[in-house]
Amino acid sequence: MKYRFGYYDGICNTVQMAACPLLGSNQVGYEPTCYARNIEVRSALIFQMATLIIDIIALFMTVIMIFHIRSKYTAVGRKEMVLFFYLYFLMTVLDFITISGIIPISSVVYPYFVAGYLGLTSAMCWCLMLNGFIGFQWAEDGTAASLWTFRLSSLLIFGVMYFVSIATFKNIGALSKAHPIGLFIVYFIFNPFCLLVYVVLQIILVVNTLDEYWPLGNICFALVFFIIGQVIQIFLSNKICEGIKHYVDGVFFGTICTLLSVMMVYKYWDSITKEDLEFSVGGKGNVWEVKELLHEDDEFAPYAGQAANTIGHAGVSFANTGSVYGAQGYPQQQQQYQQQPQQPHYQQQAYPPY
């Protein structure tokens, strides 16, 4: 099948995508030539079971990454970066719902969930691109101006992509599901463009700002994982599916590579941000600890006749000094206090009570 600009027929005949059943000139949409096996759970068919497991793992990993980002209280761009992971979390949830068959393709709400998935994908790419400008201090990170710029612009991108998707699925206006040129441009040109801008900005930032180039490895791995995932998913899905006898297809490997790419983006951000421990308030315990406790008897030992094991200031011992001042640099007194003889101790005899 040939791939044509502005058409989904070649792509949808290779890989199973959520939007494929809603596109095309016929009523059934496009179907892939080879796709992963389905399983039946209580008379319900579940599609892409292996991919759903990866989606569940991605949700758990995203929660962990969000927790670590939020714990770096003084890191640059913390609130802006966590918004990107929120969008990725929501996108993964909708991906889980749309490709699994939880919502049937014939359902009237299915196009709206697919439009939401496509809108979140574009908003996520846009948010990541904006995060690329944080290091250049175009606006003070964490301020209302920066945060609301991220939120409103991401919401705008989501709304535009959502409208384009619904209009394409419903043949509204000049948009048509037989020739989804608008959907194609946004999904296959605008989204990769945002990701490319982010990568270029980070390379410039690391080369001109940081003293070491190790973070470039993380961002390069993220780019490589993303490219590999898209190539496998779009061009090699049928060959993989036929070779593994329909157990998995390109969607499975594409989802894995997308997760790895997002994890490397987190690793890159974590490597270039330093937390100021002086002003951070973390959930860790108190790092200060008392090495040695003072004994209450030691303070009064010179006066209680227990100076044999008492250590004074600067490690000076009071034992055998001849005087309580002799060990601290004072002239030793000639007169020694002699120990007074102990007085005889009389034991009181108890008398029987009357």
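Heads up, the Cβ atoms here are built off N, Cα and C, so glycines get one too.
Among residues of the same chain six or more beyond the transmembrane segment (45-69), those with a C-beta under 8 A of the stretch's C-beta atoms are 16, 35-39, 75, 78, 81-82, 85-86, 88-89, 92-93, 95-96, 99-101, 247-248, 251-252, 255-256, 258-259, 262-263, 266, 269-270. Annotation comment: TrEMBL describes 45-69 (among others) as transmembrane segment.
The transmembrane segment annotation in TrEMBL covers 81-105 (among others).
Residues 18-19, 22, 76-77, 80-81, 83-84, 87-88, 90-91, 94-95, 97-98, 103, 146, 149-150, 153-155, 157-162, 165-166, 169, 183, 186-187, 190-192, 194-195, 197-199, 201-202, 205, 209, 265, 269, 272 of the same chain sit 6 or more residues outside the transmembrane segment (112-136) yet have a Cβ under 8 Å from a Cβ within it. Summarising the annotation, TrEMBL assigns transmembrane segment to 112-136 (among others).
Counting only same-chain residues 6+ beyond the ends of the transmembrane segment (148-169), those with a CB under 8 A from a CB of the stretch are 19, 22-23, 80, 83, 87, 111-112, 114-116, 118-123, 126-127, 130, 139, 175-177, 180, 182-183, 186. The feature transmembrane segment is assigned by TrEMBL to 148-169 (among others).
Per TrEMBL, transmembrane segment is recorded for 181-207 (among others). Proximity of distant same-chain residues to the transmembrane segment (181-207), defined by a Cβ-Cβ separation under 8 Å and at least 6 residues beyond the stretch ends, is recorded for 5-8, 19, 23, 118, 121-122, 125-126, 128-129, 131-133, 135-136, 160-161, 164-165, 167-168, 175, 213, 215-216, 219, 222-223, 226, 268, 272.
Feature annotation from TrEMBL assigns transmembrane segment to 213-236 (among others).
Per TrEMBL, the feature transmembrane segment maps to 248-269 (among others).
The region 'Disordered' annotation in TrEMBL covers 333-354.
Only residues 6 or more beyond the boundaries of the transmembrane segment (81-105), in the same chain, are considered here, and those with a CB under 8 A from a CB of the stretch are 16, 18, 21, 29, 38, 44-48, 51-52, 55-56, 58-59, 62-63, 65-66, 69-70, 113-114, 116-117, 120-121, 123-124, 127-128, 131, 134, 147, 150-151, 154, 251, 255, 262, 265-266, 269.
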